[in-house]
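Colleague: Pulled these features from TrEMBL for this protein:
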type	residues	note
TRANSMEM	13-29	transmembrane segment
TRANSMEM	41-67	transmembrane segment
TRANSMEM	94-116	transmembrane segment
TRANSMEM	198-220	transmembrane segment
TRANSMEM	240-262	transmembrane segment
Amino acid sequence: MALADVVPSFSEFPYYSVLLALFFAFHGLRKRSLSPSGAVGAALVASIMMAVQLRIFGVSLLVFYLIGSRATKVGKKLKGQLEADHAAEGYRNIWQVISNAFSAFIASILWSALFVENSLWSKLLPESVVSHASPFNIDQQCPVSLSNPYSRFLIFSALGHCACCLGDTLASELGILSPTRPILVTTLRAVPPGTNGAMSLVGTTVSFLGGGIIGLSIAITLLVQSSACREDVLGLASGLISWGLLAGGIGSLLDSLMGATIQRTRYSKKNKKILQDDSITTAEDEVTIISGLNILTNGQINLLSSILTSLLIGYLASG
């Protein structure tokens with residue numbers, strides 16, 4: 001395959017997508033929510049997702065970023081009082097950025113390869129992947145129609161991923177505002193705020209809400225972009241919002257179950273703070289183990305829960 005057959009022409013290059021991605025990456029770097037490597041990763045991932053012809057992938061990513069960043073800002077001061085090294089924890093590097101977008105990123109690439117004629121990804125991916133490829137006319141058929149299970153699966157997989165990630169972010173950042181102590185999901189005993197695997201009424205509520213917001217944003221995007229989707233506005237919107245709510249709840253539960261069992265939570269009696277995975281301690285800190293085995297880190301838990309939620313929602317919604 002010649003290079004000219006793969007590289008997009010000047011007129012086909014997604015300038016607006018790249019510029020918008022660079023803007024938000026620079027914004028994250030300036031606000032110190034992204035490290036330099038994190039900003040590079042965010043710019044690359046966002047450029048690719050926003051360049052996909054079907055806009056739900058880029059829109060859901062931006063909704064997650066904007067609302068998640070606002071929630072982090074709201075909860076930052078209080079979390080700094082409850083968790084050691086919280087400021088450093090919010091400084092995301094490239095691997096954290098990629099893991100937080102992984103499933104939706106893969107879904108966007110596959111959708112472009114399968115349903116956009118002569119797309120870059122249809123040329124780069126192996127024939128075994130794109131053997132079912134066929135151009136998609138979004139004005140003749142709604143992309144989430146049951147008559148096209150491949151498209152529906154990929155869209156709902158992206159919904160499941162973003163709903164899980166936004167729900168988890170809102171629960172983590174806003175759940176600490178709960179007036180009562182959270183309970184550990186495995187033992188139902190009260191634990192310090194910030195404990196991995198702990199759930200509160202506020203945290204659980206905003207998890208569902210975050211998922212619903214993702215579902216609503218995807219519904220609005222489809223209604224704006226596809227005239228075929230406007231044939232059943234109420235059915236489309238209610239369905240996507242419902243699946244988003246479910247994904248937010250499932251993602252929160254999976255994250256909590258894994259956090260309580262295969263992620264260790266340490267607590268400093270001296271500082272009265274939850275310790276991060278990489279927090280350095282001394283004997284004077286009087287560290288105690290609240291829950292979990294030291295198997296996975298917080299980032300690995302987030303990646304695994306988002307992948308599982310993505311696949312589960314994609315399967316259930318298209319089954």
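Cβ atoms here come from the backbone N, Cα and C positions, even for glycine.
A description of the local structural setting of each listed feature is requested, covering burial, neighbours and distances.
Modeller: Nonlocal intrachain contacts for the transmembrane segment (13-29), taken as residues 6+ away from its ends with a CB within less than 8 angstroms of a stretch CB, comprise 35-36, 38-40, 42-47, 50-51, 58, 62, 65, 69, 92.
Listed by sequence, the residues of this chain that lie at least six past the ends of the transmembrane segment (41-67) yet keep a Cβ under 8 A from its Cβ atoms are 14, 17-18, 20-22, 24-25, 28, 34, 93-95, 97-98, 101, 104-105, 107-109, 111-112, 115-116, 119, 136, 138, 143, 155, 158-159, 162, 165-166, 169-170, 210, 213-214, 217-218, 221-222, 225.
With a threshold of 8 Å between CB atoms, the same-chain residues lying at least 6 positions outside the transmembrane segment (94-116) that come near it are 34-35, 37-38, 40-42, 45, 48-49, 52-54, 57-58, 60-61, 122, 124-125, 129-130, 132-136, 143, 150-151, 154-155, 157-158, 160-162, 165, 299-300, 302-303, 306-307, 310-311, 314.
Note on the transmembrane segment (240-262): residues 144, 156, 159-160, 163-168, 171, 184-186, 196-199, 203-204, 207-216, 218-219, 222, 291-293, 295-296, 298, 301-302, 304-306, 308-309, 312-313, 317 of its chain, located 6 or more positions outside it, place their CB under 8 angstroms from a CB of the stretch.
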